[in-house]
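Worksheet: the structure to be examined is printed underneath.
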Amino acid sequence: MNTVPRYAVFGNPVAHSKSPQIHRQFALQEGVEIEYERICADTGGFAQAVEAFFADGGRGANVTVPFKQEAFALSDEHSERALAAGAVNTLILLENGKIRGDNTDGIGLTDDISKRLGVELSGKTVLLLGAGGAVRGVIPVLKEYRPARIVIANRTHTKAAEMAAHFGIEAIPLDELEGGFDIIINGTSGGLSGQLPAVSPKVFEHCTLAYDMVYGEAAEPFLAFARQSGAKQTADGLGMLVGQAAASYRLWRGFAPDVLPVVQYMREL
């Protein structure tokens, strides 16, 4: 019988996921051996795939696109963060056999901005571009930092307005945005196809930090546009990725990994 603790990330597609490399680095820090695999679940077959994984000895799992809402529905109980987001990216198998759902995306983002990058969130004006699951997942934790103002802008304004109403924040149409934002966070997936959010350069005039939730080359179109438009500092989402993974690892194993060396390691791959 295999006694090495097993973990996995579920998604579709999932072959590109860096989670196995990240969690192997965390295990090295803890001084333990773990198995961490990628599992591509079929659309409509997510619940069965998760149940089979846990039945076969799995201890915990990460969940990525497009299954975060399904993971929420699958969970027997939820953290407050997961309840607020309506989405789950971390599944924990409890001793009683039940599955607990959590969402560590918001921690990954806010820790990266406030701790690694040293940018204050409290009292600042924050613009979120996009109104999909990535943005929804981070708003509850972002609100805990008490920014002076959080605004959502999205290509489809009605979607942004609905999300803003749900969380008690603001929504402004993309073409009506003006400057005055301290922190601008791109939560759209446009960079993956080289597309930019349809915002005016003047939106970045007073921007302290422009941040893209995606990482590497996919983040560069937005970050380059932000720099050219006046943003003082830019960052991609690699630190968020490692940070949310570290929070998941801690939930599973009670060990808090050091994020910074793993961000540096992943950057050099």
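Glycine residues also receive a Cβ, built from the backbone N, Cα and C atoms like all the rest.
Residues or ranges marked as active site, proton acceptor in Swiss-Prot: K68. Here the Cβ of K68 (active site, proton acceptor) has 25 other Cβ atoms within 10 Å, regardless of which shown protein chain they belong to. In three-state terms derived from DSSP, K68 (active site, proton acceptor) belongs to a helical segment.
For K18 (shikimate binding site), the Cβ neighbour count at a 10 Å cut-off comes to 16, with all displayed protein chains included. Residues or ranges marked as shikimate binding site in Swiss-Prot: S17, K18, S19, T64, N89, D105, Y215.
The feature NADP(+) binding site is assigned by Swiss-Prot to E80, G130, A131, G132, G133, A134, N154, R155, T156, H157, T158, K159, M213, G237, with sequence analysis given as support. Long-range Cβ contacts of E80 (NADP(+) binding site) within its own chain (separation 6+, distance under 8 Å): P140.
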Could you state the CA-to-CA distance between N154 (NADP(+) binding site) and D105 (shikimate binding site) to the nearest Å?
20
